[in-house]
Amino acid sequence: MAPVLSKDSADIESILALNPRTQTHATLRSTSAKKLDKKHWKRNPDKNCFNCEKLENNFDDIKHTTLGERGALREAMRCLKCADAPCQKSCPTNLDIKSFITSIANKNYYGAAKMIFSDNPLGLTCGMVCPTPDLCVGGCNLYATEEGPINIGGLQQFATEVFKAMSIPQIRNPFLPPPEKMSEAYSAKIALFGAGPASISCASFLARLGYSDITIFEKQEYVGGLSTSEIPQFRLPYDVVNFEIELMKDLGVKIICGKSLSVNEMTLSTLKEKGYKAAFIGIGLPEPNKDAIFQGLTQDQGFYTSKDFLPLVAKGSKAGMCACHSPLPSIRGVVIVLGAGDTAFDCATSALRCGARRVFIVFRKGFVNIRAVPEEMELAKEEKCEFLPFLSPRKVIVKGGRIVAMQFVRTEQDETGKWNEDEDQMVHLKADVVISAFGSVLSDPKVKEAMSPIKFNRWGLPEVDPETMQTSEAWVFAGGDVVGLANTTVESVNDGKQASWYIHKYIQSQYGASVSAKPELPLFYTAIDLVDISVEMAGLKFINPFGLASATPATSTSMIRRAFEAGWGFALTKTFSLDKDIVTNVSPRIVRGTTSGPMYGPGQSSFLNIELISEKTAAYWCQSVTELKADFPDNIVIASIMCSYNKNDWTELAKKSEDSGADALELNLSCPHGMGERGMGLACGQDPELVRNICRWVRQAVQIPFFAKLTPNVTDIVSIARAAKEGGANGVTATNTVSGLMGLKSDGTPWPAVGIAKRTTYGGVSGTAIRPIALRAVTSTARALPGFPILATGGIDSAESGLQFLHSGASVLQVCSAIQNQDFTVIEDYCTGLKALLYLKSIEELQDWDGQSPATVSHQKGKPVPRIAELMDKKLPSFGPYLEQRKKIIAENKIRLKEQNIASSPHKRNCFIPKRPVPTIKDVIGKALQYLGTFGELSNVEQVVAMIDEEMCINCGKCYMTCNDSGYQAIQFDPETHLPTITDTCTGCTLCLSVCPIVDCIKMVSRTTPYEPKRGVPLSVNPVC
């Protein structure tokens, strides 16, 4: 009997065992069975788990805010980029948060990092440790929505980490005169005490201002202050701190370790005698605030302050911090941590990594009064730390030279808000180790004496002006913890930033110079910012290739003026006509597209408009063009004009536009709606003969360049472009919007619907949804007409997409929908992004990057994961019993490394230098054309197959489903582990990669065996090719 071809074979049926099927009846399964099922598939922590995960010597990143590229892009695209954004008002260092998030969403990670470091020299550190819920995130407008606020800290960390991986040094402000031509004031000697966040920030800004003799004196043999010694490695790695210090040193700042502010070493008086013109004190609060009940207790007895414990942990876990490797403190048994701030929680989670069996966090007040950020508390809770509120320490019990317990009394708050201690309610807790985290003070008399003659306040701290950070001694400034204003790293950074300007102002005054009334601190610069992105086209010099399309952003010339002020290189006017052809628009007329699905707000992938050309007169536009060219001679202004098929009309309007001073003309022969009914726009642009003649008329009328704007609503756009060239056009714009009907409501009415009758017409679709159409138009024109100038438009919303059009053969880039999604300031992102993309092409070490995206490492939740198959010849997913196995294997490996005294190697910063010339815009135009051709030119011998990275796989089975119901049934899906496996029947179609939610979890690799198609029925004749 002949086999039934339309039924799956037995082996395929086996593969399809877990493939979704439509439900025909309710499913029955007992509660007890479902409880077992739940345990098998569980990914989050089990509430009934009493065994703490072994964390000894595990200093891997534990932050919930950490993001990989996939997560960062999704989060950045979710951001609204609000007007007058509240998040920015809540940031101590005044970061332009919405702008750096815009850059991340556009995959311009350098642009984001530049924006961050410009206002915060410790931008990576702050991205990791900032208490964002109390700061920027607390003001996020998305708190008013179901999905909640943006993970700003995670985005900041991601962008700055990518820049760190670029290994590009900071450079001196390029707008400053050469050092030898700077005034004498900039050679003034400046001293800073303490190499912590406040001093690093202050020194960085002073160096950016141009000061060349800046020295930081640090008491310890390591740098970074509390960022190094007290914030644990799993929250802030040492190589991050070192990276930011190296950025500062790129500007010539010197650091001398082993020198402290003390009467025994250096004082303000001796500093002044040595010729220092200004000093900044940023030494923090070096001594612990120790309760009287702990006097006389030692580490050997099991007592630590946070100032003792955390530096010991840091030295044992932070590779590169010290010259020699130090062991972690050995903590065993039960630990009591006293305090409820971030430091207390750092002590608790660090104790677990030093071997503690159980950790109790004890504090005087209730949960609602905990000062630590919620993330820190949540992490401690997840690691099974216990919380004991309303307890005040009374006595430490010592037996046999070791701490064995502590006594506490209960605290209560009365109706007036006052806290009282109830001696009748005693609590006795057994413990082996006690860690006090009750804050820090400045109590060393030698340090205070060294600060003489500055005044101190009633808290024993230097008295400063909170605006200028100036002490009672005009030449001495202070900031950070030591002055008591800053409570966080980011606030310390801002203290140093604030002080830098007023130090600058003070020094200049000492040399008889003045500074601007409004502070103007320089931005962060690298060699990327020096890249030239100007380009010439049709004899015109464009300062950058980005301009306004003839559309809504150019509705008026005052808008064009604002665009030029923002940095746009050129602009087209909105299309205008002779007065006899003037139009009046309908409303509504511009609507969001349906191509983004139910995603509302910015970032729309398409818009549809039924807007006609400008309602303003030709006289308005011509006078305005004259004004713009007078005020912006370096910017290109292109007048966009439209007439019916009438030689006299085209001649008249073209001459008027040329006489106005326009640099060039764009002939709108492609408006897809409305104007065609008047014999204009599309009515002319779809016929090569009409296009050729109109171009000839305009060529006869004017001397300036002109470009024909092409419509994609034709069968062969090249024939239209060729006709324009034959008619004398200097180039073409490709393309205008695509004619379409965006959507219908459930009652059959369209949107937009005009008037009571709710009628509509086909409109023009714009945005990233039409980018594939625009890319085809540009490449096909560039291939057919080599060297013929092309102005690209259609879905350009970033430097990355702009580069695609340059590679396709365009010379300049017109933007509309991206501005509708945001505002004119996106130009800054586009320019820095394009400069970075060009610069990175010259770095040999980064050739495996895709633009600004680093090569993907195996990760889960944005964090690198150890390859279990390398530690144990076994593949394990990350859920249920397999997750527990993974944790056990990792824990055993961490302990093995500790026992073998294997320390992680310190990361050394090696700056990458270009090995080849940085390409110009001209160099990259048309680069992609060599790869385009006919299907017949493609190889059907060089085949690929899919390869899955099991460590990155989240076991969703999307690859399995699409292969089953849209492909070749070439993926097996394990019923227990949900790990997919590619079979040898894979044809390399790439559908699996296309639907996979994890970037680079699936890759296509070369097929090692010949590809033999499954024909179903044997061929009856030999194929001809």
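Glycine is no exception: its Cβ is also placed from the backbone N, Cα and C atoms.
As recorded in Swiss-Prot, the features of this protein are as follows:
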DOMAIN    69-100  domain '4Fe-4S ferredoxin-type 1'
BINDING   Cys79, Cys82, Cys87, Cys140  [4Fe-4S] cluster 1 binding site
BINDING   Cys91, Cys130, Cys136, Gln156  [4Fe-4S] cluster 2 binding site
BINDING   Val129, 194-198, 218-226, Arg235, Leu261, 480-489  FAD binding site
BINDING   340-343, 364-365, Arg371, 437-439, 481-487  NADP(+) binding site
MOD_RES   Lys384  N6-acetyllysine
BINDING   Ser550, Lys574, Thr575, Lys709, Gly767, Thr793, Gly794, Gly795, Cys816, Ser817  FMN binding site
BINDING   Asn609, Asn668, Leu669, Ser670, Asn736, Thr737  substrate binding site
ACT_SITE  Cys671  active site, proton acceptor
MOD_RES   Ser905  phosphoserine
DOMAIN    944-976  domain '4Fe-4S ferredoxin-type 2'
BINDING   Cys953, Cys956, Cys959, Cys963  [4Fe-4S] cluster 3 binding site
BINDING   Cys986, Cys989, Cys992, Cys996  [4Fe-4S] cluster 4 binding site
Within 10 Å of the Cβ of Cys79 ([4Fe-4S] cluster 1 binding site), how many other Cβ atoms are there? 26
Which value does the mean pLDDT take for the domain '4Fe-4S ferredoxin-type 1' (69-100) in this predicted structure? 97
Just to be sure I understand: of Cys82, Cys130, Gly439, Asn487, which binding-site residues have a C-alpha no more than 10 angstroms from the C-alpha of Gly794 (FMN binding site)? none
DSSP three-state call for Leu261 (FAD binding site): helix, strand or coil? strand
Taking Cα atoms as reference points, rank the recorded positions Ala340, Lys384, Ala486, Gly767, Cys989 by distance from Gly224 (FAD binding site) and give the first. Ala486
Need this for a regression test: binding-site residues Cys130, Cys136, Cys986, Cys992, filtered to those with Cα within 10 Å of Cys963 ([4Fe-4S] cluster 3 binding site). What's left? Cys986, Cys992
Based on DSSP, name the secondary structure state of Pro197 (FAD binding site): helix, strand or coil. helix
Under 8 Å by Cβ from Thr575 (FMN binding site), counting only residues of that chain that are 6 or more apart: Ser550, Ile613, Ser614, Ser640, Ile641, Met642, Glu666, Asn668, Cys671
CB neighbours within 10 A of Gln156 ([4Fe-4S] cluster 2 binding site), counting all protein chains shown, number 33
If you count other Cβ atoms within 10 Å of each one's Cβ, which of the binding-site residues Thr343, Ser670 has the most? Ser670
Taking Cα-Cα distance, which of the binding-site residues Asn609, Cys956, Cys992 are within 10 Å of Gly767 (FMN binding site)? none
Smallest number of other CB atoms within 10 Å: among the binding-site residues Cys140, Cys956, that is Cys956
Counting across all protein chains shown, how many other Cβ atoms sit within 10 Å of the Cβ of Cys959 ([4Fe-4S] cluster 3 binding site)? 26
